[in-house]
Every structure is written in structure tokens, then in C-alpha cells.
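Single-structure report; data block below.
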Amino acid sequence: MASRVIPVEDFDLVIFGGTGDLARRKILPGLYRRFCSGQMPETARIIGAARSEHDTAEFRQIVRDAIREFSKKNACDDALIGTFLEQLHYVQVDAKGEDGWDDLRDLMRKDVVKAYYFSVAPSLFGDLAERLQAHGIADEDARIVVEKPFGRDLASAKKLNQDLAKHFDETQIYRIDHYLGKETVQNLMAVRFGNILFEPLWNSQYVDHIQITVAETVGVGGRGEYYDKSGAMRDMVQNHLMQLLCLIAMEPPSRFNPDAVRDEKLKVIRALEPIDHHHIVRGQYDATETEPSYREDAGDPRSRTESFIALRCMISNWRWAGTPFYLRTGKKLKARASEIAVVFKDAPHSIFGEEAGRHANVLSIRLQPNEGMTLKVTIKEPGPGGMRLIDVPLDMSFADALGEEADDIPDAYERLIMDVIRGNQTLFMRGDEVQAAWAWTDPLIESWEARSDVPKHYDAYSSGPEDAAMMLHREGRRWREIKE
Ligand code: BG6
């Protein structure tokens, strides 16, 4: 089954910060893959714009090296890379000054889609937006793409929104949360709203609780200084886990269109209850014999920033009142594994008696790696000896079910950049959504800062601090095992 690739319209995409880490790791290799798939028109142009002194030939060489290092597929086809590179250009531009803007303007074509990717520090967003308008290179249809972190609290997010809104309409602003570009994350919507099977059970009457886990094995070494100012709450929960929570909890939108979906997500965020400190566990990983502790990685022996967090969230609405959503994420955990598990309630009455035990159905959606879905169902244990029940998985790995097509799935950045060119904002965060997420997050952070809360220790490559297990244990529940 070959996937259908529909080429996008002709475009000029300018990447500010075009030689930076994100551009080299994700954006440019992603564009190269879209080029290989035939989705990027041969006339489309990618313009690297940065402060550093390079010419187009040097930029092309940087991109060639980046593709070789970071591209998963087709990376070594020199001829293809060569043809792709011909579509690349470079201009030296000063985001805060006037240098280079005339050159950029001269390079931009009329009558094609224009997209400007701000792969730079958020402090430059306002300057770039202003200069794009001042130099007349952003028409009404131009799009700007901005990355997280979109602020570090409500006040700074509001300020960024205001700075952008002075020069661009909300319909032109694409705020990236790369989790929304992941294939399985979008599949959450397909599973919920494409099947009649689950939706009638998707509420507090039938769901005991939901667990959302995003576990990573990497530590923060290398970016410790940056991370220490952020922590797991700002780095992962306020954005990625919040988006997963929204997609799992939201009401069915009337259409799969940007505002219908984003309106429903916003309602979930606004219905989140404040959390008291008994339902938040923060942690920091310890050193191993060969690897530093979180505090060593952060370069601050007294750091109170969390590399792990677990929370119990409650949503005050008719569908979910009384059903806890347990969220956890952390660095240096025992496996890289992200999953959402919907744990259903026990059957109301067991006709098989006490000895048959309790058997709850669990729908688990594995986001990465080994994307797929498992539904735990209860059956009779085979053989004589009465009615003994066991749980077995109805297991579907997307790789098995979809064959080669699963290998061809574009990664998050590829898909999101193509959506920018297509002008589809469904998988991007709206300004009010980001602000609502911060409005919920801020008091939680303020409260642990006011209490001078010190994160708990946890062993590197474990499941996180013991207190996180206790938090669920107190409520008669258990975390699912973190495994690949
Ligand atoms: C980023 C965070 O947004 O997401 C990182 O800043 C994290 O700390 C990364 O490692 C995880 O993304 P993924 O796609 O590897 O799950």
C-alpha cells in the first residue's frame, strides 16, 4: 500500500536561525524527506537566514552535513541531496538591526506562499515580526512559525502574543508543539472519533482513571543550564502532556477544522482544577557510578528544579468529574516510552464470584516507540477446572498492521511544516490556548516555590521517586510499568 503524497503549493520558506541546532537536526532534514517524497515542489525555495557570516555555498554544505547526520532515510543519496540543495539559499540578516533585510526582500518571490520560521530565541520574535512588516515582505497570506518555549509564564506568553499580534493576524501565526505532529497523537482523534466503539464509554461512568506517561532515558546533560530554568513542568507538562490530555478529554469537535478542534481543547484546559501539593510529586535523578546527578548536570548543587513530575489532574465538567488523570514525565527513567492508558472500571457485578478476581479493561495507546494500541480484555483461562479468568491483550502494532507504510510516516516536523504551507492550523496552538495552559500552570509552580519544595531523589533509570508510586497507591491504583 503506497502512501498518497499530494504536492503542496509553491513556496518560499525563510528559516531564521537557519544554521542553529533545531534547523540542522529537525527542520532541514525534515524538508529534505518531504522533497524525496515528492511533496515539495521543485521550484520551492528554502532560505536560511542568520547572523553568522556564510554564503549560499557554505549554507548548502552545512545542510548537506546535517542531512547526513540527522536524516533517517534516503540520507546517503548524493544525487538527491545535490538536487535538494539547489533549492536552498542563504542571507545574512540581523534580527535587531537593518543589515541584510534588503537582500532578503530582493530574494523573496511574489505570488508564492511565504512562510517565516522563527527558529530563534523568543526574545527575538517581536523584532523579527516588526522587521518583516517594515520591509514589506509579509503579505496578508504570509505565515510565521514559532517554537516553544512560548513564554515561561502567563505574563511572558501574553507579551509574546501581543508582540506578534501587532504585526500578524492570529490566522497567520503557527505555534508549534511538535507532539501534535506525531502520527500517533493524531491517531488519538481518529481512534476516538472514527470508531463508535469507544465514545459511549469515554466518560467518568465507565473510566476509572487515565494515565499519561512520557518517559525519557536521556538526562539533561549538555542543556542543563537551560533546562534548570525550566524543569519538567514548563518543558513538558505545560505543552506536550497538556496537549495529550486535551485530545483524550475533549468533546467531539463538530468538524476536524482548526478552530473547532482548538475550541474544544481550550475548554478542557479551562476546566482543569487547581492541584494541591499532595497530588504533585517532583523529583531529580541521582548519579550513577559513571554518570552525574541532575544537580551536577544542571551545574547547581542546590538546584530545586524537577527532572521528573507526576500530577493528578481533575477536570470539572460533566464528562470527567471524579475521574483522575495521572500525568508523569521525566528524564533518565527506565525506558523511553510514551503511552496513554485508559483504565476502565470493573464490571458492576461479577457473575463468576469473588475468586474470579477483578479484571478491568485497559486501552493503551503507545505513542512512541513501537506505536500501536492494546486493549486488555478478560477471557476464560483455557482448560478444565472451572471458570478462571485471565487478561489477554488484543494487540495491534501499527508497524505490523500497516506494513511498509508505517516506515514512511513523516516525522512531526515534516508534517507540521507542510501544514504551514497548506495553511492548516489544526495542529498548532492558538494564542488563547497557550495562555490558558500557563494560567493553570503558574499557580502550581508558584505554590511549590513559595513552600521551597525540594524535589525527591530517584535512581537514574528507575520509574521515578517512590512518592509518585505512593500518590496512586493511596487511591488504590498503580502506575503502569514503564517499558518499551
Ligand atoms: C522537547 C523538550 O520539547 O521535547 C525536551 O524540550 C524533550 O526536553 C523533547 O526531550 C521530547 O521530544 P520527543 O519527540 O523526543 O518525545
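Quick reminder: no glycine exception, Cβ is built from N, Cα and C everywhere.
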**Asked** Given TrEMBL annotates HIS178, LYS182, ASP235, LYS331 as substrate-binding, which of GLU199, GLU216, GLU251 belongs to that site as well?
**Response** GLU216
**Asked** Per DSSP, to which secondary structure element type does GLY17 (NADP(+) binding site) belong, with helix, strand and coil as the options?
**Response** coil
**Request:** Please find which two of HIS178, LYS182, GLU216, ASP235, LYS331 have the most distant C-alpha atoms, given that the record lists them as binding substrate, and give only that distance in angstrom, rounded to a whole number.
**Result:** 20
**Item:** Alpha-carbon distance [ARG51 (NADP(+) binding site); GLU216 (substrate binding site)] in Å
**Value:** 33
**Request:** Select, from ALA23, LYS182, ASP235, each of the binding-site residues with a Cβ positioned under 6 A from at least one atom of ligand 1; if none does, say none.
**Result:** ASP235
**Item:** Number of other Cβ atoms within 10 Å of the Cβ of ASP21 (NADP(+) binding site) across all protein chains
**Value:** 11
**Message:** For HIS178, LYS331, listed as binding-site residues, tell me which one has the smallest number of other Cβ atoms within 10 Å.
**Reply:** HIS178
**Message:** Of the residues named as NADP(+) binders, GLY17, GLY18, THR19, GLY20, ASP21, LEU22, ALA23, ARG24, ARG51, LYS148, how far apart in Å are the Cα atoms of the most distant pair?
**Reply:** 21
